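K.L.:
Structure provided below as structure tokens; questions to follow.
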Amino acid sequence: MNLILFGPPAAGKGTQAKRLVETRGMVQLSTGDMLREAIASGSQLGLECQAIMSRGDLVSDEIVIALIEARLKEAEDAGGAIFDGFPRTIAQAEALDAMLSKLGKKIDRVVRLRVDDVALLERVSKRYAEQGRPDDNPDSFKVRLEAYNRNTAPLLPYYGDKDLLTEVDGMGSIEAVAADIDAALDS
Ligand code: ADP
């Protein structure tokens, strides 16, 4: 089973992905986490991405596709992946389809978490105050939302046309959203 958790920045994708790892034994593939690890390790890749990420812009397709490719086989062998924060562009989605198809696999479901912009801003300003993630500052968050609307939202018709899309209300409690995702996956 391969699942994409889809939604705007700070919609709760990471939280829900981590829960699915625990309950279903799937493997979380989060390009955001991988990039933050690269920055923390001080690698060349981290150095290249740090400024782009803290302003809220997207890292190049080439970089994130390579990060996913390096982890995909292992995830498929373990029973499937939860893609969290990837794909974020049509080019990434096409590359993912091609990589999966080489392994005889495909995307089985795309769950879209719907959260309105006012709630996103509230969540992210709270997280910024608590955790100080550089790209959660109000200016960067605005850039992230713009990148989502411009580059990532076009994936909705891409997956809708393939009949893979399920919409889940992401405004409820973590438990309520989790229950809706479970229902979507088990139906
Ligand atoms: P969120 O889900 O809150 O937006 P992520 O942790 O997924 O945050 O991503 C943080 C940042 O990492 C993005 O704003 C972007 O700069 C970079 N990034 C993560 N995934 C991708 C991707 N698939 N394509 C391009 N950039 C990415």
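Using N, Cα and C of the backbone, Cβ positions are placed for all residues, glycine too.
Annotations for this protein, taken from TrEMBL, read as follows:
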type	residues	note
BINDING	A10, A11, G12, K13, G14, T15, R127, G172	ATP binding site
BINDING	T31, R36, D57, L58, V59, G85, F86, P87, R88, Q92, R133, R144	AMP binding site
REGION	30-59	region 'NMP'
K.L.:
Let me spell it out: take the region 'NMP' (30-59), skip the flanking residues so only those 6+ beyond its ends count, and list any with a Cβ under 8 Å from a Cβ in it.
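P.N.:
Here the qualifying positions are 14, 17, 67-68, 71, 84-86, 88-89, 134-135, 139-144, 147, 151.
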K.L.:
Quiz question: given the binding-site residues R88, R127, R133, which has the greatest number of C-beta atoms lying within 10 angstroms of its own C-beta?
P.N.:
R88
K.L.:
Taking only the Cα atoms, work out how far R88 (AMP binding site) lies from A10 (ATP binding site), in Å, as a whole number.
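P.N.:
Here the two Cα atoms lie 14 Å apart.
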K.L.:
How many other Cβ atoms sit within 10 Å of the Cβ of G172 (ATP binding site)?
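P.N.:
Looking across every protein chain shown, the total is 14.
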K.L.:
Counting other Cβ atoms within 10 Å of each Cβ, which of the binding-site residues A10, A11, G12, D57 scores lowest?
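P.N.:
Among the binding-site residues A10, A11, G12, D57, the lowest count of other Cβ atoms within 10 Å belongs to D57.
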K.L.:
Tell me, by DSSP, whether R127 (ATP binding site) is helix, strand or coil?
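P.N.:
It is helical.
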